[in-house]
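Notes follow once the structure below has been shown.
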C-alpha cells in the first residue's frame, strides 16, 4: 500500500462550499493535491485514471465558480468523475472505488446530491443537462446546468441531437467540450486564451446580440451576408462555426489546465445573460503523472499500480481472454474468406478487433461511439454480399436495438453479432452488465442466438457465424479469461439449434446456456454424491431451441433446471413456453429456471455477483433439492450452502 500524499489544502475541503472559501492563488496548489490524492487512491483500487487526471483543473474550476449542487453538473460517461467525487464529500470512501459495497466508478444519483444524473454510457450529458435547464426555466427556479463531454463522445449522434434542441435553454445551459485527444483543435496559446476571454465577456456577447438583431432587420441578402461574415470571422479565429450553427455561443479553445484562464472564462459565462454557451477546453489525458502521459492509452483503465513507478499489478498467467480468442479466430478465418469484415464502436482492444485490424486493416472499421451506425453499416455490407461481424459489448448493443430489429432482423440480413461482456462484468457494475441480450435478441424472428460455454466453443461459434448466410446470428461470451480448455486447431461448424449432452443421468437435468456450464457440472457432482443421478446439457442455442433434446430431457427426468447468465425472458422463459405449449409439465415434471434477479446489481467481483444472483453451484443444488421436496437444511450438512 502506498503512503498517503501530503494534502493540507485538500484536507480543508469536504464539499465544494469549502473549496469556494479558498483564495484564487491557492487553487493551483489545491489542484496538485487533488491530483496526488487521486493517483494514490486509484493506485490502491485500480480504475479509470487517465480521464480523471485530465480534468483535475477543470473540476476544480467548475466547483469553484458554480454553485453546486444547485447548479447541476453532469459528467458524460463518468470515467473522469474521481476528482469530482473526492471534493463532493466522498474522499473518505474514495479507496473503495469499484469495490463491492464501495463507491461506483461512475456518477450515481443514489450516491450523492452532487451527482444529479448517473452516467456510464457516452453522449448522454447534453440531453440530461438540457432537461435540468428547461425544468428550472419552466419552474422559474435558479440554477444552471453544466454538461462536461469529451471529444470522443461527440462522435455519437445523440450529442448533436441534444445540441440541435438546446437553444431554448438560453443561458441556463453550458456545455464544456473536454477535448483530450487534440482531435478538434490545435494546441492553444496566449492568443486563443485572450480571444476566449474576450468572446465570453458580457460586453462582447451583448454587442454580438445587438448586431444579430440589427442584421435580422436588413434585407434578406444582406442579412445572410452579415451572418456568414460573422461566422467566418469567428470560425477562422476560433474554430467554432459548427457549434454556432447549432445555436451555441462558442468560447475557446482554451487551456483546460490553466486555472488563470479557466476561472475568469467560467465566471464570464456564469454571469452572462446569453446562451447556451459551449466552452472548448483542451486537456491532456493522464496530465501530471509521467507514467500515464507516456503510456499509449494514457492509463485509461488500470489495475492496481505502484504510484512511484507506475508499474501495474500483473494478473497471474492463465487462459487467453475471450475477446482475444474471438479476434484471433476471426483474423485467421479472414485469411481465406475475403468477405469477412470486422466492425467495432470505439472498442477495438476491448472486443479483440485490434487483433483483426493488425492483419486486415482494410477490412476493419472503428466507427467511433456510434453503435446505431455500426449495426446499419453492417447491414449494408451484408446486403452487398460481405460477411460483417459487429463486435459490440452487450450493454452497448442496447443503444442500437431499433437498428437490430428494423435494419437487420426484418430484412433477414446475415449480420454477425459478436457480443462481448455478456453477463455480469464485475467492477463496472450495473451500467455495463450484459444482462439483457438473450431476452431482447431471442424474441426477434429470424435471429439465431448462441452462447459459448468456454473458449473452445467460442472458436466454433465464430466459425459457425461466419458460415451462416441464412440470416442474422449472434454469439455471446463473457468478460475475462477462458476456462483453460484446449483451443481447437480446426473449428467446427455447429448445427444450428442443436445442443449437446455433456453428462448423462436419470433423475435431475441441468440445462445450461453459456459459461454457467462449469457451475452446472460442479452442482452435478454434489447431487451425484447425494445419490441423485444428474444430466448436464449444454444447450448452446437460446434460439432456435433444440426442441428435440429438450423434449427428450424433460420426459426422462424428475427435475429439470435451466441456468443462464441473463435476465428473465431469456432461455428459461423459452423452455417454459415450449413445455407449456406441448403439455410437457402436465405429468408432474418439476421445471425450474435460474437467471439473473430482477434488479440492477452493483459492482463486485464477478464470482460474488453470481453468488448473490443465485447462479453458482450451491444455489443450483438447493433449487434441485427444494424441487424434490428434500429438506433444504440438509444442504449445509453436505457442505453446500443453502
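The backbone N, Cα and C atoms fix where each Cβ goes, glycine too.
Annotated in Swiss-Prot:
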BINDING   79, 120, 121, 122, 152, 153, 180, 289, 371  thiamine diphosphate binding site
BINDING   151, 180  Mg(2+) binding site
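Cα spacing between residue 180 (thiamine diphosphate binding site) and residue 151 (Mg(2+) binding site): 7 Å, rounded to the nearest whole number. Around the Cβ of residue 79 (thiamine diphosphate binding site), the number of neighbouring Cβ atoms within 10 Å comes to 23. Largest Cα-Cα distance over the residues recorded as binding thiamine diphosphate, namely 79, 120, 121, 122, 152, 153, 180, 289, 371, equals 33 Å.
Each of the binding-site residues 151, 371 was ranked by the number of other C-beta atoms within 10 Å, and first place falls to 371. A straight line from the CA of residue 371 (thiamine diphosphate binding site) to the CA of residue 151 (Mg(2+) binding site) spans 17 Å. Distance noted between the C-alpha atoms of residue 79 (thiamine diphosphate binding site) and residue 151 (Mg(2+) binding site) is 14 Å. Taking the C-alpha positions, the distance from residue 121 (thiamine diphosphate binding site) to residue 151 (Mg(2+) binding site) comes to 14 Å. Every protein chain considered, the tally of other Cβ atoms within 10 Å of the Cβ of residue 180 (thiamine diphosphate binding site) stands at 24. Annotation note: residue 371 (thiamine diphosphate binding site) sits in a helical segment as assigned by DSSP.
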